[in-house]
Amino acid sequence: MKRIALLMLALSMMPGLAQAWWNDDWGYRKKITIDAAQLQQSGVKPVAEGLVPVRLHTGNFGFFADLAENGKDLRFLAADDKTPLKYFIEKIDTVNEMALIWVKLPKDIASADEAMFWMYYGNPKAVDAQDGAGIFDVAQAVAYHFEADAVKDATAYANQPASATSSRIEGGAVGDAGAFNGSQAVKIAATPAVQMAVEFGWTVSAWVKIDQAQSDGVIFQRDGLTLSVRGQTPVLEVNRKELVSPTDLNLATWQFLAVSATKEGFTLYVDGKPMGVLPASVSALLGDSSIGAAVDGSRGFAGAIDEFGIAKVARDQNYLQFAALMQGQSSALLNYGEDSTPDSEEGGESYLMATLDNVTLDGWVIIGILAVMFIISFLVIVSKAIILNRTRSENKKFEEAFSQLGSKNLTNLDHQDEDDQADFDESPLLLSLTGNHAAFAGSSIYRIYHTGVQEMNKRLAKGVGADVHDQALSAQALNAVKASMDGVLVRELQKLNSQMVLLTIAISGGPFLGLLGTVVGVMITFAAIAASGEVNVNAIAPGIAAALAATVAGLGVAIPALFAYNYLGSMIKAITADMHVFVDEFIAKLAEQHS
């Protein structure tokens, strides 16, 4: 029994463990997942301690107003909800509701069951915990984000440029970028921190965008190594040997270029894919470096460069391709989950239920009226759809039968009124739902035809055989028959359009009733705030949300009714046109036979 009790206790605690909350001082969190399936399609795995840019905007994050000043309350944690992740806020604008944060992935991201991490926010008392230098590994010697007017190294090595004349522009591959006009450059002096040893290799990478063909513009140069763009083609030069990329760069498009050096030679990458290997001898790079032009200032590059980096190790293809796929402007590898609170994580009330709990009595009265209107509209829509479909089907059958009649056999389809026809007049819906009934009992055209035949027979003298067919009808008699048929047609139209006004009332009245409930709810909310003297978002938001529930209810009534009204109206118009055409056709054939 003790074992069973312990087991039950453990099971009861499991939901709470699964929904653990990192710190109660933070009010919200968002789950961010890496699309491992999309990466796998490209043959790429998540990189341990790799960098990912978290791009927040109104499409994936609607709570910029809940962030502390400058996003100082942002925190990122691994999937275990315990391990803090280092991050750096490159840009945040709560007014325009956009932010860009670099996050360093956990070490076990590649082997985790789900490649994800958490973003916490909502603590106005939090202190800024970002670590711009800590997001890079020890091998990263230089990292220029170009996020400020002055180009700065974001790594802990602080390899600041000796000089920088590039211009900062918006719309970079990741955040802002550096613009070069052919005479601008960023020079890096030779320091021990940027020395590249042969035994470890090294990597140079950058996002590049060109708007025009280049005249051999240099992206990076150091000692005997030059990465340039000739026309639209990336070219790698090492000690006067060249490797020309088989793939050109696209104009006005950000693309990821990288050069990785190992003992076997130099590999040129475009968007993380190898373009070839230059089997040249690798030597240590010890001299000055230049970005955007040659070291002597010649061969200027005209375009934009972003996220320039130098690593003192040879990055492999998976690392570079992961960076290219993850950092690009059109990257969709990060999936942003719903924002949650401790209550929602513990199975508490949903936002919808919390909103309904705050609806006032007047709001419930309006919602109740709208609910009745919705039920009535639903019944009208269903019944009219059944009746109109049956009428259209029966009309089609009758028209097919009538088209087979000769001009002297116009009355062959007429039969005396039967019980089914009377039942249809009393309850068209009930008859439409039954399968067995007399021929054409649900046809509006048949009822017009029946009236026409009866009126015609009243005006023909009793006779036998061919004498009846040879009798003539005057123009006045034909007009009288047509008038009787038109009268039945009008009554059929009244039947078809009956109860459609209820849908019109729902369409026009539903939103206005909802608006009335919203206005009254807002008035009550502000009156309560004025009485209490408490003015803050938490005091206002529940009442406003509850007031808006009435508008939602009104639209919920009006929108389905609007769609159904248009659909049913089109069916009625088609049936009406068929009836008008039949009346003209019948009178014409009748005149042909009896004129």
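Backbone N, Cα and C atoms are what each Cβ position is placed from, and that goes for glycine too.
Averaged over the domain 'DUF2341' (70-137), the predicted model has a pLDDT of 93. Taken from TrEMBL, the feature domain 'DUF2341' covers 70-137.
Taken from TrEMBL, the feature domain 'MotA/TolQ/ExbB proton channel' applies to 473-579.
As annotated by TrEMBL, signal peptide applies to 1-20.
Remote same-chain residues near the transmembrane segment (363-387) are listed as 428-429, 432-433, 499-500, 502-503, 505-506, 509-510, 513-514, 516-517, 520-521, 546-547, 549-550, 553-554, 556-557, 560-561, 564, 568 (criterion: CB distance under 8 Å, separation of at least six residues from the stretch ends). TrEMBL lists 363-387 (among others) with the feature transmembrane segment.
The transmembrane segment feature in TrEMBL is assigned to 501-531 (among others).
When Cβ-Cβ distances below 8 Å are used as the criterion, the transmembrane segment (543-565) is approached by residues 355-360, 363, 366-367, 370-371, 373-374, 377-378, 381, 385, 500, 503-504, 506-508, 510-522, 524-525, 528-529 of the same chain, each at least six residues removed from its ends. If you look up TrEMBL, you'll see 543-565 (among others) marked as transmembrane segment.
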Non-local residues, at least 6 beyond the ends, that sit with Cβ under 8 Å of the transmembrane segment (501-531): 359-360, 362-363, 365-367, 369-370, 373-374, 376-377, 380-381, 539-540, 543-544, 546-558, 561-562, 564-565, 568
